Amino acid sequence: MTQVTFKHNPVTLVGTERKVGDKAPNFTVVNRDLEEVTLHDYDGKVRLISVVPSIDTSVCSTQTRKFNEEASNLDNTVVLTISVDLPFAQKKWCAAEGLPNAITLSDHRDLSFGEAYGVIMKELRLLARSVFVVNAVGEIVYTEVVPEGSDHPNYEAAIEAAKKA
């Protein structure tokens, strides 16, 4: 299991660690309108899954904005930003940041995504900063769990993986 720190304190990741080549497991999260959304809702598309501890922090905000801007140039690709923030907070953030079309999804109900992808920080009940790219046929082609929660992911590597997927 990947070792992760949050604010330089070790945290325990819970769930099933995912690797390149794994079939991407389905999950159920909630969108800003409180509707259930699953990974399968985006079958046939490349899915760049950007995972943030809380959308309303500087690194998480930058991560969400950067992936949405970069991926807008990619064909057949959708960016899904997932956190445990309440859908209301995600909606407010998108409006304030001028990103009304960003897809923000909340895993607050039962941590379905976090469990399926092994990124629940047990001590904090937050998701570890991470990125997964799932190709159009449902195979994980890129994973990154950022070792320190306050650091940025490798944006270039994730976008390149999405381009090749």
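Keep in mind that glycine also has a Cβ here, set from the backbone N, Cα and C atoms.
According to Swiss-Prot, the features are:
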ACT_SITE  Cys60  active site, cysteine sulfenic acid (-SOH) intermediate
DISULFID  Cys60-Cys94  disulfide bond
DOMAIN    18-164  domain 'Thioredoxin'
Spatial separation of the residue listed as 'active site, cysteine sulfenic acid (-SOH) intermediate' from Cys94 (disulfide bond) - C-alpha basis, Å = 12
Entry from the recorded positions list Cys60, Cys94 having the most other CB atoms no farther than 10 A = Cys60
Helix, strand and coil residues within the domain 'Thioredoxin' (18-164) as assigned by DSSP | 45 helix, 41 strand, 61 coil
